[in-house]
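Going by TrEMBL, these are the annotated features:
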TRANSMEM  12-35  transmembrane segment
TRANSMEM  70-89  transmembrane segment
TRANSMEM  123-146  transmembrane segment
TRANSMEM  182-199  transmembrane segment
TRANSMEM  220-242  transmembrane segment
TRANSMEM  262-283  transmembrane segment
TRANSMEM  290-307  transmembrane segment
DOMAIN    333-458  domain 'FAD-binding FR-type'
TRANSMEM  464-485  transmembrane segment
TRANSMEM  591-611  transmembrane segment
TRANSMEM  631-655  transmembrane segment
């Protein structure tokens with residue numbers, strides 16, 4: 001143990017040195033915006049930067065023209081921060097694996113990233129860190145604009161006093177034009193940064209431990225700020241041209257050298273505003289296909305931006321290259337078709353998909369995804385308009401369960417999910433009744449991108465966990481509960497010991513998603529092993545009366561959504577190896593990603609530099625600005641695909657070799673094994689119905705149902721799986737609802753035990769009411785003392801705001817040593 005402390009200490013020192021270098025690079029990037037812009041000649045800062053500009057003049061890197069010194073103060077800091085971020089992430093993973101935490105009972109401490117300081121605002125719930133980020137960006141943009149405008153006005157006053165005849169317009173209008181130009185330059189700050197959160201595998205997001213799906217809100221903020229400033233910039237110049245009788249200049253395209261093409265900027269801002277409007281929640285929720293298609297106009301927006309001001313390319317080239325590398329890796333991963341092992345429609349109407357995950361390759365014992373991972377799914381066999389759509393879902397599986405698959409619970413809310421459910425359900429009405437396997441009308445192949453989400457199991461840091469969810473928002477918490485239970489089964493000690501789950505649903509049958517996980521099936525009598533899990537479920541829109549135990553009508557029993565329907569898409573060969581998710585991902589191994597990014601940046605500058613030397617030749621050459629923009633774009637694409645693609649190919653070959661070695665050491669099991677029986681069981685129609693609808697239902701009525709097969713309670717069922725028949729005993733479980741314990745039965749509100757409803761969880765079930773969060777958090781505050789309590793919420797906006805308000809209310813910033821700290825974590829995402 002002592003011998004291993006030396007390398008671990010060295011890695012820790014290197015990690016801190018890299019972090020200091022990243023902070024220094026960010027500081028250099030920000031300071032340039034505070035001190036650079038045009039000042040009168042007597043300002044020393046400008047003279048110093050002018051000397052730098054002369055000494056670094058180089059045609060290859062295009063530092064011999066406007067904004068040439070930007071390559072030092074904007075490009076290099078971005079490159080350093082990106083590469084060092086990958087290194088920090090890799091060191092963090094190794095340290096986490098080699099030196100796991102020995103305790104999660106530390107002194108309670110408030111963190112800026114988990115304390116919600118603003119709860120109800122147009123920007124949503126804001127933590128201290130997010131508020132500081134907003135204030136920092138606003139200060140940087142405002143100061144840069146104000147300083148540039150002030151210094152430009154001073155310079156114009158000096159020039160006007162010396163040579164007024166050189167001015168084509170009045171002094172006031174010229175200053176107004178300079179202010180509009182300063183607005184456009186200041187807009188480069190958010191425009192440069194907005195590419196970072198939209199890159200799903202961004203090294204900067206991985207560095208600060210912010211998942212992509214949560215960082216999308218930062219992209220929205222920065223995009224709104226960028227387009228607002230670009231719009232003011234455009235309106236300012238339109239007003240200037242209108243006042244100086246030069247309105248025709250708006251529609252002119254000056255092509256000489258790196259001159260500004262005004263009409264290109266006008267087209268770009270119009271395209272940007274169209275994207276902005278289509279991305280509003282009103283349009284995105286109702287016409288997702290429209291939003292999805294229109295948002296791809298960002299390519300046109302970026303291209304016309306280059307047409308407009310090609311000389312500003314240094315500002316945005318590295319963020320755009322990182323985004324392009326991210327897109328390239330996503331394209332590579334999504335081209336790999338993945339087998340859907342089974343699809344099931346639960347009694348609540350939710351879809352349960354099982355997708356082949358594959359065996360883990362050699363990653364030093366580290367999991368390749370985590371309990372709170374999320375994945376983008378695409379089903380190519382859906383309609384033409386929907387086959388290209390990607391939708392993000394939380395996984396209910398965890399790598400700790402040892403199963404080579406990913407599990408998803410999907411609620412049909414939008415057109416895409418409803419179409420998938422309808423396709424599955426319609427197959428039940430046209431299947432061959434002689435066979436006991438549903439034949440799907442389309443091939444269940446999926447495109448999968450990921451994993452995204454959190455890269456660490458941060459919830460293990462808390463001794464007390466509070467999981468609050470609404471509806472289908474329970475899915476990420478199923479992964480957390482399964483992960484904790486499997487870790488407990490394997491004997492890990494640093495785990496949460498107290499878990500409180502508060503689950504709100506509209507109808508009782510929606511509880512089937514929570515009940516799909518049986519804790520006792522993983523760790524029997526887990527309470528005796530030091531783990532307490534208390535579940536409080538709330539059915540908000542259904543009031544149970546004393547007649548609730550009566551059998552429902554036959555009409556109700558025949559509702560299709562009250563059945564569980566399972567499908568197997570294909571009959572598999574005896575030793576079939578499913579096509580699993582590709583490990584080549586934009587959030588894959590940091591070492592490989594760093595190599596790809598370095599190669600792509602190198603390739604871009606080599607190609608662009610050669611074009612500067614041999615095609616453009618001189619800054620003042622007549623080579624048109626639009627062709628210069630094309631050269632930039634082509635260099636970025638070829639640099640990513642050719643230079644970066646070379647390392648992607650090597651990565652692919654390395655993973656293939658690792659998989660071969662892994663399968664040689666762990667051969668595929670026979671189809672007659674236990675796993676194959678489980679797969680075969682999932683391939684026939686399961687008639688396990690919702691507990692509230694199954695009591696005293698004769699088997700004959702089920703057998704005569706138009707979508708059911710002939711199943712007897714104890715008769716063996718023969719399922720054709722490949723060429724081998726498998727004998728199984730099919731049992732139809734009838735869960736009896738016994739309202740044996742009613743409390744507070746007033747005004748239609750009922751409380752009873754979850755176990756009385758056939759749930760595997762211990763806790764209470766409340767009908768016709770909603771949770772009182774103030775009472776709940778007050779109770780938790782009295783139950784624990786001096787604890788860091790992790791509060792994870794996955795639900796609607798109002799639920800997140802209510803929970804955040806309680807976390808802030810019951811956390812004392814300046815309190816006694818016995819005060820609890822409620823750490824707020826939002827697991828919800830709205831894409």
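Using N, Cα and C of the backbone, Cβ positions are placed for all residues, glycine too.
Against the transmembrane segment (182-199), stretch 220-242 shows more Cβ pairs under 8 Å than any other of 123-146, 220-242, 591-611, 631-655.
Taken residue by residue, the domain 'FAD-binding FR-type' (333-458) breaks down under DSSP into 22 helix, 42 strand, 62 coil. The stretch from 123-146, 290-307, 464-485, 631-655 with the most CB pairs below 8 A to the transmembrane segment (220-242) is 123-146. Residues 30, 33-34, 37, 112-117, 182-183, 185-187, 189-190, 193, 217-218, 221-222, 225, 229, 797, 800-801, 804, 824, 826 of the same chain lie 6 or more positions beyond the ends of the transmembrane segment (123-146) yet place their CB under 8 Å from a CB of it.
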